[in-house]
């Protein structure tokens, strides 16, 4: 059970403000960090490992603690988890450029073929409610491995499906199994990286989730027109297989029970092939719906609602409108439509630098200036430019598209890029803020945010 923390005012940091928040760092109150002084052995271990004892959170004196992993190991694990998270939204949007081909092959309308994407979007939102409690008991790595091998099977099933119903079933299976890292990736970041690096690393995971949407039609537009849309599924299956092998060889378990200092590093054989329960806490029905209780916590619900709306309008909306309007207005083919998504990808990468790296420096600057712990709310100042850019970008996109002639023009895409910058700033800042408030419940926070984003993204296009 977490304890409430005390926050300091953002302006002068001169007086404590009692609040009902929960501290990020495993129930440790900010103003009482020195109540449990380090032993000399612990201090020497941290100095040897990190070169300082000014760490937040304070890791245990063991190499098994993910906070004590070498930088290369943390970074490698982050890259694999972030890419895996990207594959969730990437898989959902993969067939977006081939709706016409699918409709013709399966004998359905283009509108009905688009439901094969909407179905996966909905499943990506609901499935993590099941995966989160399982990963909290058995660890992240086993769930990721199971996710990939079953996603591979699902994609092969899609490639071999010759009826609409069968393909829909296989798409749902794939969406269910590919979903875990898109939700619990935030927990992996929180379990591995110190607070000073959290926004930057959270941004890596968040931007990969975002760019999966525009990257898929950009790549698979070329695939569908050259070798047929079924090779979209074969490509996804091959990618899942490669990911599985990489996880098996290089993936590390980030779930660690705090205080388990007696645990030493596992042998090579044990690390690769031993799968056992990490947290002995019994599973209850409540564990599967507990993330939804985050709706009652304003410091999670409010940033989630803002993020979901911005994501819908600044990411999903243009990604759906471009393939519908551009062929009709400008006569673009599948490949040319896919190229339009470069604007969204570039904007997302730029936005991540502001929401991630600059966000961490912003918090560090405030901490040095006041010489006090910084309240998580101070990070939210950077969300305002993101909101403004998202609004301006969508306005530019719609106005310029409305004023366009029959000749292709780049001006609507400038609006898409601006909106993408704003969307990614909001994504990184708001998710990091919510995790900062409930670090020990980072998995639940990530699942709740994903649930709201995906369900809202599923409902929104029906407007």
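Cβ atoms here come from the backbone N, Cα and C positions, even for glycine.
A quick note: this is a predicted structure, and the numbers were derived from the prediction, not measured.
The following features are taken from TrEMBL:
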| type | residues | note |
| --- | --- | --- |
| COMPBIAS | 1-10 | compositional bias 'Basic and acidic residues' |
| DOMAIN | 77-463 | domain 'Major facilitator superfamily (MFS) profile' |
| REGION | 1-21 | region 'Disordered' |
| TRANSMEM | 76-95 | transmembrane segment |
| TRANSMEM | 115-131 | transmembrane segment |
| TRANSMEM | 143-165 | transmembrane segment |
| TRANSMEM | 171-190 | transmembrane segment |
| TRANSMEM | 202-225 | transmembrane segment |
| TRANSMEM | 231-250 | transmembrane segment |
| TRANSMEM | 299-318 | transmembrane segment |
| TRANSMEM | 338-359 | transmembrane segment |
| TRANSMEM | 380-401 | transmembrane segment |
| TRANSMEM | 413-435 | transmembrane segment |
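The transmembrane segment (76-95) shares the most Cβ pairs under 8 Å with 202-225, out of the stretches 202-225, 299-318, 413-435.
Below 8 A, the CB atoms of the transmembrane segment (171-190) and the transmembrane segment (299-318) form no more than two pairs separated by six or more positions in the chain, fewer than 3 in all. Within the same chain, the transmembrane segment (413-435) stays apart from the transmembrane segment (143-165): fewer than three Cβ pairs sit under 8 Å, each pair at least 6 residues apart. Averaged over the domain 'Major facilitator superfamily (MFS) profile' (77-463), the predicted model has a pLDDT of 89. Packing against the transmembrane segment (231-250) from elsewhere in the chain are residues 76-77, 80, 83-84, 87, 91, 94-95, 98, 141, 144-145, 148-149, 151-152, 155-156, 158-159, 174, 178, 220, 223-224, 272: each is 6 or more residues past its ends and has a CB under 8 Å from a CB in it.
Residues 21, 210, 213, 344, 376, 380, 383, 386-387, 390, 393-394, 397, 416, 419-420, 422-423, 426-427, 430-431, 433-434, 437-438, 445, 448-449, 452-453, 456-457, 460-461 of the same chain lie 6+ residues outside the transmembrane segment (299-318) yet bring a C-beta within less than 8 angstroms of a C-beta in it.
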